[in-house]
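One structure is given below, encoded as structure tokens.
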Amino acid sequence: MPAEDLRDKNMEETKRKKKKKRFSYYGMRAVLVLYFRYFLLWDSDLSTSIYHAFVALCYLTPILGAIIADSWLGKFKTIIYLSIVYAVGQVIMAVSTIHDITDTDRDGSPDNLTLHIALSMLGLFLIALGTGGIKPCVAAFGGDQFQEHQSRQLNTFFSVFYLCINAGSLLSTLITPVLRGARSLSTLPEPPPPHRAPETFSTQQCGIHTQQQCYPLAFGVPAALMVVSLVVFIAGSGMYVKTDPEGNIMWSVCKCIGFAIKNRFRHRSKLYPKREHWMDWADEKYDKLLIAQIKMVLKVLFLYIPLPMFWTLFDQKGSRWTLQATTMSGDFGGFILQPDQMQTVNPILILTLVPIMDRLVFPLIQKCGLNFRYRMTRLKETMLRKQILEPLIVREHPLKRMTVGMLFAAAAFVCAAVVQVEIDKTLPDFPSSSQSQLKVVNMYGGSLGVRFSSGEPLTIHSYEASLSCSSQSSVDYLTFDQQEITVSLTTDPVITNPLRLIRGSRQTLVIPAEPERMYLEEDINSKPKEGKNAVRRAFTLSNGHQSCEFSRKFGFGSSYTFLVPADVFSSECESVKEVEDMEPNSVHMALQIPQYFLMTSGEVLFSVTGLQFSYSQAPKNMKSVLQAGWLCTNAVGNIIVLIVAELGKLPKQWAEYVLFASLLVAVSIIFSIMAYFYTYIDPAEIEAQILKEQHLDTEDEKKEKKKEETLEMQDKEVKQTKI
Ligand SMILES: CC(C)C[C@H](NC(=O)[C@@H](N)CC(C)C)C(=O)O
């Protein structure tokens, strides 16, 4: 097979593996939080924390994978072994979600949750180890398939590689929730019983003996795909270029750095001449080549310091932006888009933007760059004479692209802030943590005067019985600064009752047909999440057995109370009254598209270029290590999100978006200054140069030695002749 074809085939194999692996990873991620929340029955906070801890672990384990690959097993074997670890993890995870394994009483819920938790934690740990460990190796291994002169093809590879990641994640984000059995929200679930805060529902069930969510399928299919991808990858084994590891390189690197620091410290007196670089203090003991390689890696790692800030903004797509979408309307006419599905805009845009950038935008910029270079050639002589041309060429584009990518991400957050301001205009005024809010619902049957201990008397009219939406009523909440209040009703005789309100909460005071039996109900204190609706029933005195059926389309994120009078008969369903507690979301989710567009353009400029840059600037025995370093910037970015979200709680969400945008602009300025002083290198050339020098040195040494030996011989001969 011709070399070109072989390389293309290798590239195809690596990409196919990448696509299935990403399907598998993102597919599982898509249902993980729901599994924690609804299967393991953890609360939202614990579910979110464990989820983020898992994601952070997935971006920290690349270091381990890279060390194993570069120092011990080589990339090919590392990918295979860690893929097995990954697949085993997924199988364990899938098994842990089968409720039937512990459901001895077959009531539809697992009877030994501890076993399920233990299995899923073990599964997740193996998955994090596998997925993280493979990640830097797959990118570097793909890069290894190209020769030095193929830098253009190498760049294309990284773009296609990124395309595959996103194609896989797009498919999985769409398919895995279907496998789990999520259903459309158009079907209304059974409302919760009375005297309970309204809840939101969205699930469908499946199972062998008992009905449950189809988690085993949702986790099992990605596991099966992972096994298929592993088989495909191994099948192509004969076609790959495999570079062997050069011993425990990371240990040598650590020892060398340690020695350089110690040696520098020992020779801190001014009497010792300065050395060009602090790593040169390792010269006495370590190989020139190793020192040069460490210098290359350190230079790039230093440049990475400001980069986590980009990911801090980027990864808020999955948190803040999704929460923002829950307060927007996803009604696209023909279909309803769920807030978390809005995230699929990112991979969709990647699939369109990467080819456009690669084939159109970058070549165009290149063309402008060519013109620029042409004009420079006129200056070439002078510049060469002054020795300033080289650094100028060298400071060319990858880092500039990344800086522009950061600015795009900052612009995306400004867009998010503008959208937030629009949303805020439509959001209800929720109580602060020291306030309580109360709404009165009158089901008494006539108009009522209501007076609270503090405040003006209110007249609340009885609701007319009606089914039609036109008579829908909406009542404003009253805000109280105190918790203990008294309510008086202008009935005959006057009824007075003490009320204890909940701080930071919304409640409804329901006045039934027998007003002395008035009661408080807890309302929801935020917009229904995930774009759902909240519906509840309020009874005066339930006669229980009548059934009134009617259909009604609820707006996105709205909340309603249905008032059912005591004397309702099936023929009089009209007396059921609907109260709108919260208006439907009115700002459309499509308004998020500009921020997604800017963020994804930024991602292409920043992330794809960063991948290429990390590969091209790494010495050949530390390619995976630098890929891992690059992925680490993502892990740190995620940790910053957690810290900032905890510490810097700004009262207004839009202000937080502006704060993040400003921080990223500041960081991108710092990065551009660092990039200006970064000299782009060709590691292979430097390595070859040093090897050549070392070879010459040894040749010279040999010659020198030979000369000395000949001289010694001659001396001996002379002495002997004299004797
Ligand atoms: C390079 C990685 C840190 C991030 C990369 N993410 C993406 O490509 C996203 N556009 C995917 C999306 C579904 C979040 C990855 O390798 O996952």
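Every residue gets a Cβ built from N, Cα and C, even glycine.
Of the candidate ranges 219-241, 587-609, TrEMBL annotates residues 219-241 with the feature transmembrane segment. It is 79-98, from the ranges 79-98, 559-578, that TrEMBL records as transmembrane segment. Transmembrane segment is the annotation TrEMBL gives to one range among 154-179, 388-413, and that range is 154-179. Beyond its flanks by at least six residues, the transmembrane segment (48-67) meets 25, 29, 32-33, 36, 42, 78, 82, 124-125, 127-129, 131-137, 140, 250, 624-625, 627-629, 631-632, 634-635, 638-639, 642 of its own chain at Cβ-Cβ distances under 8 Å.
Only sequence-distant pairs (6 or more apart) were considered; of these, fewer than three Cβ pairs between the transmembrane segment (219-241) and the transmembrane segment (345-365) are under 8 A, so the stretches are not in contact. Tallying C-beta pairs under 8 angstroms between the transmembrane segment (154-179) and each of 79-98, 118-142, 296-314, 345-365, 657-678 places 345-365 first. Residues 52, 55-56, 59-60, 62-63, 65-67, 70, 132, 135-137, 139-140, 249-250, 297, 300-301, 304, 307-312, 314-316, 319, 610-611, 614-615, 617-618, 660 of the same chain, all 6+ positions outside the transmembrane segment (625-645), place their C-beta atoms under 8 angstroms from a C-beta of that stretch.
Only residues 6 or more beyond the boundaries of the transmembrane segment (118-142), in the same chain, are considered here, and those with a CB under 8 A from a CB of the stretch are 11, 14-15, 17-18, 21, 25, 28, 35, 40, 54, 57-62, 64-66, 68-69, 75-76, 78-79, 82-97, 157-158, 161, 240, 611, 615, 618, 623-625, 627-628, 630-631. Beyond its flanks by at least six residues, the transmembrane segment (296-314) meets 253, 279, 399, 402, 405-406, 409-410, 412-413, 599, 602-603, 606, 610, 613-614, 617-619, 622, 625-626, 629-630, 632-634, 636-638, 640-641, 644, 660-661, 663-664, 667-668, 670-671, 674-675, 678, 681, 683, 686 of its own chain at Cβ-Cβ distances under 8 Å.
Below 8 angstroms of C-beta separation, residues 156, 159, 162-163, 166-167, 169-170, 173, 317, 397, 592-593, 596-597, 599-601, 603-605, 608 of the same chain, each at least six residues beyond the ends of the transmembrane segment (345-365), sit close to that stretch.
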